[in-house]
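S.K.: There's a structure below that I have some questions on.
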Amino acid sequence: MTTPATGWQKLVGHARGSLDAPFRRRLVTTGHLLSGSAASAAFGLAAAALTARALGPFDYGVLALALTFVHAVERFVTFQSWQPLIRYGATLDPVAQKDDLRSLLKFGLMLDILGALAAAAVAIAIVLIGAPWFGWPNHFIAVVLVCCTVLPFNLGGTPTAVLRIFGHFRVAAYGPALGTLVRVLLCAAGLVAGFDLIIFAAIWTGTQAISALALLATAYRVLRQHGVTNVLGASLSGVTTRFEGIWGFAWSTNLSLGVRSSANQLDVLIVGALAGPAAAGLYHIAKRVGKLAEQASAQIQTVFYPDAARLWAAGETKALRLAVMQVEWLVFGFGAIATIMLWFVAEPLLRLTAGPAFVAATPLLIVQMIAVTIMMMGSASRSALLAMGRQRQALHAVLLGTAAFHVSALLLVPQIGAMGANIAHIIMGTIVAGLLVIDFRRQTRTGPAL
């Protein structure tokens, strides 16, 4: 007969055994990424609140629409090079395969540069050529042009891949938060000094450009530490042959991200078009929480992908399913705690920072956090599907979810205002995460397919 003490010891021993080294590593890494994303989102919300208090609902709505327009162009035009770089670079030996790594990184950097320049050209062309057709007033055109100046500096794909390949997770997690903290300090100074709309646009744009350049400099330093130098001097000859399938993988994953971004970037524009700039301003404040999903999901995928690829290639489907489940529960716990915290602090926080005019954004913040949690829960399954070569299934899930978002938003926003866009995000997140999880579990029943 087992004594209570013995039974308790077995229970404790089983719990300790379940915390194997890979899980502990994923727990620590995911914790850093989620903490960094949460800090960045909190600072972003503070910066938005201070800007809103300084400008008022209408002018802040104008700034929100301008920033969203620029971000939308960036997402649709630029190439998210970090995904193929991590897939093909994580398995390279930085010493024995240094030349291959240098060529791969140069390939990614060229994609980043061309994409950034193309995004700037497209955005400025839309403003200068399309403004009369859209009926944009001159002050809005000026704000948009200021915001467009950040686009040539957005070269974050390759630096992000470098930090992940060499295991610098803390820099990737907390670096963006430091840049956003600088924005908070400048916005606070602007509130005290009475800065106008153009100067606040310059603050938001300038801090983003500085953060991008700081990330690039950090990646350069990491490469030098590991003996990888003269990346720009590397040869691109035969790079697509050495990394077979890189173009197909890159186009598929970028199409998926582009489609998904149509919901994450166009929602503010939809609210502005259907409910006006003031409603767009309220919604943009709530969307600072939505940035948490965008940042955390991307970071979780960059960290978890190599583990998923290794487990799948080794035929360890049971271990892969366990790893995905662990990450999903970690994300759910994080989202649940954040939602409960927002329930209690959102209203007094908005009243204190943005002012009474923006207290109406409180329910938007809470519902946005629920949508964020649902969307993040599909991140691990998406990484696993990509590692399994199931990019098409991941794309199908995003296509269906995004279509549901746009239909829901166009129907709900005219009826209930900005809250309609939040509900549309919940619908989208449920569809995307649900389909990703279902397809992942279906695929892992049979083992690797060659």
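From the backbone N, Cα and C atoms, a Cβ is placed for every residue, glycine too.
Predicted, not measured: the structure shown is a model, and the values here were computed from it.
Taken from TrEMBL, the feature transmembrane segment applies to 33-52, 58-77, 107-134, 140-159, 171-191, 197-217, 327-346, 352-374, 394-413, 419-438.
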S.K.: Against which stretches of its own chain does the transmembrane segment (107-134) lie, if we need a Cβ under 8 Å and a gap of at least six residues from its ends?
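M.R.: Tertiary neighbours of the transmembrane segment (107-134) are 69-70, 73-74, 77-79, 81-82, 84-85, 141, 144-145, 148, 151-158, 161, 231-232, 236, 239, 246, 250.
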S.K.: When only pairs 6 or more apart in sequence are counted, do the transmembrane segment (140-159) and the transmembrane segment (197-217) reach 3 or more Cβ pairs under 8 Å?
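M.R.: These two stretches do touch.
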S.K.: Same chain, outside the transmembrane segment (197-217) by at least 6, Cβ under 8 Å from its Cβ: which residues?
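M.R.: Sequence-distant neighbours of the transmembrane segment (197-217): 47, 51, 54-55, 59, 62-63, 66-67, 139, 142-143, 146-147, 149-150, 153-156, 159-160, 175-176, 178-180, 182-183, 186-187, 190.
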S.K.: Under 8 Å, at least three CB pairs between the transmembrane segment (352-374) and the transmembrane segment (33-52) (pairs 6 or more apart)?
M.R.: yes
